[in-house]
């Protein structure tokens with residue numbers, strides 16, 4: 001797909017170098033031209049966005065200088081709520097639902113002057129690795145329309161890649177920001193658990209879910225993260241650790257930084273072209289002054305089963321609230337309360353969501369809790385300890401983001417296990433609670449984007465972004 005324009009940076013819009021209304025019109029033009037094929041946006045607020053952009057343009061230079069996102073057009077994954085706007089989680093079960101509250105991360109962007117364009121397609125309830133599980137149709141990868149954009153935040157990644165937004169928000173439970181960023185050739189950031197409020201997020205797995213940004217550049221992603229990060233009294237898991245200026249040391253380079261390369265992430269199953277691109281980038285970082293050290297994260301082989309036990313268990317509890325009683329879809333023919341619950345959930349949930357609810361209910365059931373859920377929590381602790389030990393020796397860890405470039409639409413739809421393995425390099429960070437990012441580092445022979453994953457200590461997003469900026473600079 002050919003793109004007619006290159007969107008301005010956040011800085012260009014914020015400073016008034018590019019008018020807010022002009023930036024918005026560029027995004028809307030791309031949406032009108034490409035969304036019919038890509039299917040990234042589920043809903044748009046054209047009138048509200050236009051009024052907001054004109055308001056920002058009418059501000060004085062002094063007033064605009066107080067708004068770190070002044071006039072920046074952005075979209076949000078449709079698992080984040082906005083008061084009065086439809087919230088679907090890409091599921092039929094939330095048909096017609098308009099929440100009475102706005103997610104904190106979204107509100108912080110709006111308060112900072114950003115212009116909300118609309119809400120973005122995703123896998124249903126954020127469950128998926130390809131964005132083929134949406135009740136509103138799959139998202140297509142703007143880099144190759146026969147390929148998936150990744151999941152579950154495929155719409156958020158595709159919107160940035162197709163110039164439909166300067167930046168977007170997604171969520172990441174097991175790789176749902178980083179893997180789509182890799183597949184679509186954009187930057188995606190996973191904040192530390194607790195760094196960004198989850199208030200207003202329609203939950204999948206509450207101990208794993210994070211909210212984070214997509215952008216064209218590391219600097220733009222860093223600026224968005226700086227706005228949405230910070231303590232929120234509305235989220236009991238929100239951290240009060242101070243938020244630094246993420247742009248302050250972006251250009252410091254990697255000289256003197258210790259970068260760990262875990263052997264377990266370069267084993268069987270890694271596509272040769274991904275391996276070539278990532279290893280080539282690591283060598284460039286070494287040449288730029290980084291100290292590259294081999295490390296081991298020995299419990300990595302247990303990460304996928306551990307993740308799918310814990311995530312599905314939490315999902316089965318979180319999704320119990322969708323029953324047709326207070327909001328969303330209600331089965332019209334049910335004549336008893338039990339029948340209404342059963343029929344509503346059968347009509348409203350897609351196949352992948354049902355699969356995960358069943359698995360989660362099973363691992364929490366009497367007789368299986370100790371064998372599966374309790375054991376998974378013990379392995380989760382071992383995975384976290386692997387990272388704690390590694391970060392005693394290194395400042396950041398670099399790996400492939402995904403084992404392959406974007407695969408073809410429909411290629412893995414009938415093979416859930418193969419689909420789950422697409423997250424093999426990303427679920428560990430969610431289980432350990434650490435931060436990370438995916439930054440483009442090359443392309444395959446077919447021209448498909450490849451991303452490198454950078455993982456950092458708890459609340460050390462600044463170092464992750466610093467390494468990401470170095471990677472980005474090396475690609476130019």
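The backbone N, Cα and C atoms fix where each Cβ goes, and this holds for glycine too.
Taken straight from Swiss-Prot:
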type	residues	note
ACT_SITE	77	active site, charge relay system
ACT_SITE	152	active site, charge relay system
ACT_SITE	176	active site, acyl-ester intermediate
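Here the features listed in Swiss-Prot are painted onto the structure.
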residue: 77; record: active site, charge relay system; CB count, 10 Å: 31
residue: 152; record: active site, charge relay system; CB count, 10 Å: 35
residue: 176; record: active site, acyl-ester intermediate; CB count, 10 Å: 37
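If you measure from the Cα atom of the residue listed as 'active site, acyl-ester intermediate' to that of residue 77 (active site, charge relay system), you get 11 Å. Note: the Cα of residue 152 (active site, charge relay system) and the Cα of residue 77 (active site, charge relay system) are spaced 9 Å from each other.
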